[in-house]
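Asks: Quick one: the structure is below, and I'll ask about it shortly.
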């Protein structure tokens, strides 16, 4: 087993951070199940890198941010990457992701961290409130990867940056 990485998952309250994690790691998220508010959890997964090395990843599933709440300071210490999650049916959740990106840029303790943005619930086309092209342009300007995925459990997020 190679090194261990710390990845912080963050975003506005109710955008599906825990659901995405549970589906990607365990394949067991049930759409429509009752939402339980996360305080903070740590998930540990083993990931094979593009170099064929297995690395342990500690995913820090943070409490959903509501108005006035900032990311806890310990989320910036020793973090290798961030996954910023918004819901495509909630424009405020995308604004929160933009603010989180600025907060990370100001507070990170390393010069190089990986940031990935996930737009959840992309299958809810009739309820979309975040313009896909505008979100992609923002991500391109910020030099970060942005992917959209559906609410249902068969999501293939395609997180490799070369895709």
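Any Cβ shown, glycine's included, is placed from N, Cα and C.
From Swiss-Prot, here are the annotated features:
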- 11-18, 61-65, 120-123: GTP binding site (BINDING)
- 1-163: region 'Small GTPase-like' (REGION)
- 35-43: motif 'Effector region' (MOTIF)
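Walk me through the surroundings of each of these features.
Replies: In the three-state DSSP scheme, residue 65 (GTP binding site) falls into the strand class.
Per-residue pLDDT, averaged across the motif 'Effector region' (35-43), gives 75.
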Asks: Could you tally the C-beta atoms, other than its own, that fall within 10 angstroms of the C-beta of residue 17 (GTP binding site)?
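Replies: For residue 17 (GTP binding site), the 10 Å Cβ neighbour count is 26.
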Asks: I need the least crowded one of these binding-site residues (62, 122), counting other C-beta atoms within 10 angstroms of each C-beta.
Replies: 122
Asks: Can you tell which of 11, 14 has the most other C-beta atoms within 10 Å, given these are the binding-site residues?
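Replies: Selected residue: 11.
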Asks: Going by DSSP, is residue 14 (GTP binding site) sitting in a helix, a strand, or coil?
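Replies: In three-state terms, residue 14 (GTP binding site) counts as coil.
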